[in-house]
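*Asks:* Got a structure here, written out as structure tokens. Questions coming.
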Amino acid sequence: MAIASTVLGRLLKAAITLLAIVVLNFLLIHAAPGDPAAVMAGEAGAADEKFIAQLRERFGLDQPLHVQLWNYVSNILQLDLGYSYRQGAPVLDLILERLPATLLLTLTAFGISLLFGVAMGVAASARVGKLGDSAITGVALLFYATPLYWAALMAVLVFSVWLGWLPGFGYETVGADYTGLARVLDILKHLILPAATLGLFFMAVYTRMTRASMLEVAQMDFVKTARAKGLPDKVIRRRHILRNALLPVVTLAGLQAGQLVGGAVLTETVFAWPGIGRLMFESLEARDYNTLLGVFLISAAMVILFNIVTDLVYRLIDPRIGATR
Amino acid sequence: MKHLLTTSFLVAAATSAAQAQQQGGRLDIVVQPEPPSLMLGLVQNGPTQMVAGHIYEGLLRYDTELQPQPSLAESWEISEDGLTYTFNLQDDVVWHDGRPFSAEDVVFSADTFLRETHARLRVSLAYVESITAPDDNTVVFQLSEPFGPFINSFEAGTMPIVPKHIYEGTDYANNEMNATPIGTGPFKFEEWVKGSHIHLTANEDYYLEGKPYLDEVFFRVIPDAASRAVAFETGEVDVLPGGSIENWDVARLMEEDDVCSTGKGWEFLAPHSFMWMNNREGPTADPRFRQAVMYAMDREFVRDVVWNGFGKVATGPVSSRTNFYTDDVTDYSHDPEKAKALLDEMGYDGTPVRVLPLPYGETWQRWAEAVKQNLQEVGIEVEIDSADVAGWNQKTSEWDYDLAFTYLYQYGDPALGTARNYIESQIEKGSPWNNVEGYRNPELDAKWAEAAVTFDRDERQKLYTEIQQEIVEDAPVAWLLELEFPTLYDCSVQDLVTTAIGVNDGLRDTWIEQ
């Protein structure tokens, strides 16, 4: 019951936050110089007043800002994300078209980084001060410090250009028309480089965090007690130390999960991955207001959602949290 | 990895052609950035033209000497007074949906559809009194004045012919068929996977026997410039159209085996770069300051270093690749001493000027740095401004700059591509495609107007020579380079660039040696 009412309360607050975000985003975007009509006129290679006025009217930009805002917010309240005049399609369709590719990429990267990060952190903490520990922390530090853009280009250069093992671009082989298992394998091959690149940074963060947290918890009294009881080392490590050491890792994982939709702009750009991040960036360049606001809204909703999920996971790992309420 | 598919066979070599074109194969070509739409009648930006220029056609094409060639029109005639243009259309042309094409489609496109949607064509259409179809295969344009460059207005990007049966009486911008364009061109729209590629397939009912040679074309969207270069190196794409990668990569890739390149295919657009100098206020309002800027710049250095040797120093407002060019004008070779003398003479007080680069990548940023250095050498204080594409549009079209980089397409004729930047009637906020610098010269305005409606070529040349000489002396803008964007391609690709707009309509004739 306590959980249900907490979740309800959080959802209500979330809705209000989202509405505030919508309004704020709207105002911020309109404060940026230029508008979609001017950008399209700029691309046309020639334009006269009539042409730009036509575009503004078609996009509804000829109305006062507060009217535009009101129209937008009332559409959002009816769950209508609006229409992209630039691309000639409803915003929701544009987003849904790109969402699977992005989720595939970001979820894979999320899984890889969490799994390997925690495993490496645990392994390092078990060998603290020894060669294995130094190797793992060294690699983690390297990944942590490498700029994503550079790592991505190097990965393409090494694995795609020099070795020719993996495709460097895109989501699948264009024009190959694979079906069934062949298609799945093809997509997996294309997924490896971008997912690994995207996952590197967070993997390093998880490794370092898990290791530090494990070492800290290992000093605590209840661990000594467990050891005094004669429990095997493995059990202590898994049930007593790891479980308690995971809380800060979960916090970070919640942060990373919040970026599942909008956090892969660079990776998608370098690997020509047809995802949401690129849609967002290109919409920004073109001042495609509705599309941009739509992506922002979905990203914001994801952040809020995963904040709530993170809180719930805390309770699962540490039942003391929330028990006092 | 090569994408050479299917068996190859020789087209019956009945003619004595030097080379027999081979049928079949697939071409992968970069398109950058992803076009917003493929409906060429509504959107005419570069990427849209490159893809849709193979779906839609104009009445004419132009060879690399800007001479008109048949396209949808098989032959044409211009009356001696330059007022009547008669086009005879090709027989047996069908739209991609199977409906027959006729002169009515041309009349609808030019007289109704494009008059409403195509800002650039409106300039030419203003001289057109009537467009009629005396029979199904003939179209007559009747002009009110002998508009000189009218014959240059018929390529696919300027006057794309759109299907009347789909657009008549509809709201053009919101017509559902915009998503699946129907044209008469050599390739048909097959699929568009947003963010990845656009797939066109050969039009089997194309009216020219045996064409197109290619089975299919994939326009690939790769958003990062370095990645595009790598995609070409790995064989993922066969063609990098001009301007799709950074200059240093062009120079590097040209050295490689099996990589061919051509600078042709840009004659119609002839991108001409310059800096607008705000003629209204600040130091740039003084012609002596503007001349000083011209003398201060080392444009050869920029061409050789920033542009890796591609391009040509611009002598004035008209490109040497365009009709009616003259080089008989004031010579602004690099001369810092002259620049300093001019600045002394005007009493320049050290007021800093802002330079706004074009937000089109690293090359333009470096170019702005080079200009800054040159100007500082003669004592001009410079701040480099910055903006993204939308911000650049805003700043230039609201006249909020001192010096701003830009380039203009010439469209084959000074009346189409050049005049708009120098005549007073084109001073108007809100567009980056007009007289943004605010140059006023009523005497020259009269000459521009006269030259536009003079039909005789020699007469026109005389007028344009006078205009160029006077304008170069005034230096309302700082002319930089005639830009050159080499197209790189795998050497197995043949006849890629055969027209004045290159890969924007050339794939009709392209084939792959297998």
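Glycine is no exception: its Cβ is also placed from the backbone N, Cα and C atoms.
Automatic prediction, not curation, is the source of TrEMBL annotations.
Okay, these came from TrEMBL:
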type	residues	note
TRANSMEM	A:12-32	transmembrane segment
DOMAIN	A:99-314	domain 'ABC transmembrane type-1'
TRANSMEM	A:103-126	transmembrane segment
TRANSMEM	A:138-167	transmembrane segment
TRANSMEM	A:187-206	transmembrane segment
TRANSMEM	A:246-273	transmembrane segment
TRANSMEM	A:293-317	transmembrane segment
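What's the neighbourhood like for these features in this structure?
*Replies:* Counting only same-chain residues 6+ beyond the ends of the transmembrane segment (A:12-32), those with a CB under 8 A from a CB of the stretch are 65, 68-69, 72-73, 76, 287, 289, 292-293, 296-297, 300-301, 304-305, 308.
Tertiary proximity for the transmembrane segment (A:103-126) is limited to same-chain residues at least six positions away from its ends with a CB under 8 Å from its CB atoms, namely 132-133, 136-137, 139-140, 187, 191, 194-196, 198-211, 213-215, 218, 237, 242, 246, 249, 253, 256-257, 259-261, 263-264, 267-268, 273, 275.
Packing against the transmembrane segment (A:187-206) from elsewhere in the chain are residues 104-106, 108-110, 112-114, 116-118, 120-121, 139-144, 146, 148, 151-152, 155-156, 159-160, 166-173, 249, 252-253, 256, 264, 267-268, 270-271, 273: each is 6 or more residues past its ends and has a CB under 8 Å from a CB in it.
Residues 99, 101-103, 105-107, 109-110, 113-114, 117-118, 121, 148-149, 152-153, 156, 168-171, 193-194, 197-198, 202, 205-206, 209-210, 213, 280-281, 295-296, 298-299, 302-303, 306-307, 309-310, 313-314, 317-318 of the same chain lie 6+ residues outside the transmembrane segment (A:246-273) yet bring a C-beta within less than 8 angstroms of a C-beta in it.
Listed as Cβ neighbours of the transmembrane segment (A:293-317) (distance under 8 Å, sequence separation of 6 or more from its ends, same chain) are residues 3, 6-7, 10-11, 14, 17-18, 21-22, 25-26, 29, 72, 76, 81-82, 91-92, 94-95, 243, 246-247, 250-251, 253-254, 257-262, 276, 279-280, 283.
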*Asks:* Cβ under 8 Å to the transmembrane segment (A:138-167), counting only same-chain residues 6 or more beyond its ends: which ones?
*Replies:* 120, 173, 189-190, 192-194, 196-198, 200-201, 203-205, 207-208, 266-267, 270-271
